[in-house]
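Written below as structure tokens is the structure these notes are about.
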Amino acid sequence: MSPQTETKASVGFKAGVKEYKLNYYTPDYETKDTDILAAFRLTPQPGVPPEEAGAAVAAESSTGTWTTVWTDGLTSLDRYKGRCYHIEPVAGEENQYIAYVAYPLDLFEEGSVTNMFTSIVGNVFGFKALRALRLEDLRIPPAYTKTFQGPPHGIQVERDKLNKYGRPLLGCTIKPKLGLSAKNYGRAVYECLRGGLDFTKDDENVNSQPFMRWRDRFVFCAEALYKAQAETGEIKGHYLNATAGTCEEMIKRAVFARELGVPIVMHDYLTGGFTANTSLAHYCRDNGLLLHIHRAMHAVIDRQKNHGIHFRVLAKALRMSGGDHIHAGTVVGKLEGERDITLGFVDLLRDDFIEKDRSRGLYFTQDWVSLPGVLPVASGGIHVWHMPALTEIFGDDSVLQFGGGTLGHPWGNAPGAVANRVALEACVQARNEGRDLAREGNEVIREASKWSPELAAACEIWKEIKFEFEAMDTV
């Protein structure tokens, strides 16, 4: 460069490749209350030091790139860069480390889960220096949390809308999930709600297919829940899946649901995307609709222990983006969930303040300030014999959802719903009387079945059903 063309920005600039750890590994850094903190599980490639791998993650998910660039001189990298401030080995694992990274808040757009994830996990997971990478947890500071609306309504407002207190809510996914006509689908909804359930549900892939267009389904389901409400005197709901190919179509379906006067709609938040989900959550708050969230596709992202994103992070993101319910596994059914880990992210969904607890997979203390809570939904391979454990594990602020465990009853849908409602009421009463559901649960169910033939039939048909596989999601 000639003296005539030299600029201030180029003074001191030296082209070339530097080790990431020279700028992005800062073990003396004291985190700020406004930083977003991340815990990554690193598996470096052979020969790559963990400090270099952690620094690479911090760099590539913030301001860094593979080489020095002269435009670094036009900004303050020290203000905007991510910092790997601590690394620790994972006990019992070879060549695995937890790297803690702090991100300045100014790196992120306010109220945008999409931008947060694009920055933190958007590019770095394909980095060649890493054999595998998993985002285990995030600490979202109150300063960022306050830029989000969060759930449309939250737990207390939902209970007030439904006028239901002191017990878990009961639901059922209509089966078969695909192939029914809209009228037959509505019939199944009516039978389940009449039998005592609070909610029925579209499955995640029920959108608007040739055998059942969305508008027909919405109309027949609305008719079913109004009829069930008139007969039972209870407020009922059906999760009408508004997920669609475009945001405009999704909102159109939510508008029609509101015009029908139903209380709740549904969205597949991972396949639909965070931008669409946040838009729908805002519409639901403005128009008095509850929002049920299905986590379809989550296992693609969260199931591998050393690569991907843990579901506790996806759960935190959902609370920020917005949803009143979200599926959270069961611990006891067919879908995976180890007890302590599951209860860790269940607390992250419901509570205002959650302490750091590594035994439950919680790497950071999380303060949600005023963000409303989300009801966890337990579903997948559960039936009446699981009711005591589910009541004890999840407590009152939850939705217990029995699909096959309702529709598979030998006498039909309504008796299946009756069996589940009787089992739940018996467990809640036993708990309130001080009985130990973990130890006496089966006895409680047997006692209740003596005066409920529907429950007795359900107990008989599902007495041998078990899903005994080792959980992969462990600390």
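Backbone N, Cα and C define each Cβ position, glycine as well.
Copied over from Swiss-Prot:
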- Pro3: N-acetylproline (MOD_RES)
- Lys14: N6,N6,N6-trimethyllysine (MOD_RES)
- Asn123, Thr173, Lys177, Arg295, His327, Ser379: substrate binding site (BINDING)
- Lys175: active site, proton acceptor (ACT_SITE)
- Lys201: N6-carboxylysine (MOD_RES)
- Lys201, Asp203, Glu204: Mg(2+) binding site (BINDING)
- His294: active site, proton acceptor (ACT_SITE)
- Lys334: site 'Transition state stabilizer' (SITE)
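Known features from Swiss-Prot, placed on the structure.
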| residue | record | DSSP class |
| --- | --- | --- |
| Asn123 | substrate binding site | coil |
| Thr173 | substrate binding site | strand |
| Lys201 | N6-carboxylysine | strand |
| His294 | active site, proton acceptor | strand |
| His327 | substrate binding site | strand |
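It is 10 Å from the Cα atom of Thr173 (substrate binding site) to that of Glu204 (Mg(2+) binding site). Among the listed recorded positions, namely Lys175, Lys201, His327, the Cβ with the most fellow Cβ atoms inside 10 Å is that of Lys201.
Note on Ser379 (substrate binding site): other Cβ atoms within 10 Å of its Cβ, all shown chains, come to 23. Fewest Cβ neighbours within 10 Å among the binding-site residues Asn123, Thr173: that distinction goes to Asn123.
In this structure, of the recorded positions Lys177, His294, Arg295, the smallest number of CB atoms within 10 A of the CB marks Lys177. Within the same chain, residues at least 6 positions away in sequence whose Cβ sits under 8 Å from that of Glu204 (Mg(2+) binding site) are Asn241, Thr243, Asp268, Thr271, His294, Ala296. A gap of 6 Å separates the Cα atoms of Asp203 (Mg(2+) binding site) and Lys177 (substrate binding site). Note: the Cα of Lys177 (substrate binding site) and the Cα of the residue listed as 'N6-carboxylysine' are spaced 10 Å from each other. Within 8 Å of the centroid of the Cβ atoms of Lys201, Asp203, Glu204, where the record puts Mg(2+), the same chain has further Cβ atoms from Thr173, Ile174, Lys177, Asp202, Asn205, Val206, Tyr239, Asn241, Met266, His294.
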